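> Swiss-Prot feature annotations, pasted as is:
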ACT_SITE  Lys33  active site
BINDING   Gly13, Val14, Gly15, Lys16, Thr17, Val18, Glu100, Gly101, Ala102, Gly103, Pro184, His185, Leu186  ATP binding site
BINDING   Thr17, Glu100  Mg(2+) binding site
Amino acid sequence: MTTPIIVTGTDTGVGKTVFSAALAGALEATYWKPVQAGLDEETDRLAVLRLSGLPETRLLAEAYRLTTPASPHLAAEIDGVAIDPEALVLPDTQGPLVVEGAGGLLVPLTRHVTYIDVFATWRAPVVLCARTTLGTINHTLLSIEALRARAIPLLGIAFIGDENAESERIIVELGRARRLGRLPHLAQLTTDALRAAFARNFNTADFLKETA
C-alpha cells in the first residue's frame, strides 16, 4: 500500500531535494519527481540517487523531463511539450512514497494550473520545507495558509539552515503546525553525513503520524 508524502517548499533553492533524499533514505521509500525542468546539470532525481543511499530501482522516472531550467509552464512551452496535470497521478508503490514538487506551492505547471492545484487533488500529507533566514516567517505562514485554504493536510514544517529559534517558534505557533525538525547546512554533503544529520534532528515516526 502506498503511503505518499509530498515535499514542497516556501521557495526555490530552499533545500527540498537534499531533504527529500534524507527523508526517502530514512524511510527506505520510493522517490518521484513528477516534473524536472533543467537537464544540463545534475537533476533532482540523480541528486537523490547520489545522496539517499537508495538503489536506483527506488527512484521512479519523471513524468516530464524539460530542457530549460525555468518554471515548468514556460519550460514546457519552450520544449513544445504540453503538460497534462490530470495525468499526474500518484504511483502505486509498496510502502512510503516521497514526492518532490518544484519551487513553491504556486509554481505554474501550465497557464492555468499550479502545483498546489495538483496537490489538492491528491490530498496527500505535505511536508513544508522552510528556510531559517530573514523573510522565512512571512513566506512560511503564507504557504501554510495556502495549504489550509485548499484543505491539503500539513504533516509539518522541516526547517533547513542555521538555527533561528525565534523564527521557528513563531512560525509553529502562528501557523498551528508541527515542527518536524531542522536540517543544518552540511560542510560535506555526502550520503553518510546527510543520514547522520537527519537521524540527529528528525524522528522518522513523525512522518507517519496523522496530519495537523
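Heads up, the Cβ atoms here are built off N, Cα and C, so glycines get one too.
Walk me through the surroundings of each of these features.
Around the Cβ of Lys33 (active site), the number of neighbouring Cβ atoms within 10 Å comes to 26.
Classification of Leu186 (ATP binding site) by DSSP places it in coil, neither helical nor stranded. With a cut-off of 8 Å between CB atoms and residues at least 6 apart in sequence, the same chain places Ala193, Leu194, Ala197 near Leu186 (ATP binding site), listed in sequence order.
Within 10 Å of the Cβ of Glu100 (ATP binding site) there are 26 other Cβ atoms, across all protein chains.
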> Pairwise over Gly13, Val14, Gly15, Lys16, Thr17, Val18, Glu100, Gly101, Ala102, Gly103, Pro184, His185, Leu186, annotated as binding ATP, what's the top Cα to Cα distance to the nearest Å?
23
> Near Thr17 (ATP binding site), which residues of its chain come within a Cβ-Cβ distance under 8 Å, counting only those 6 or more away in sequence?
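Result: Asp44, Ala47, Val48, Glu100.
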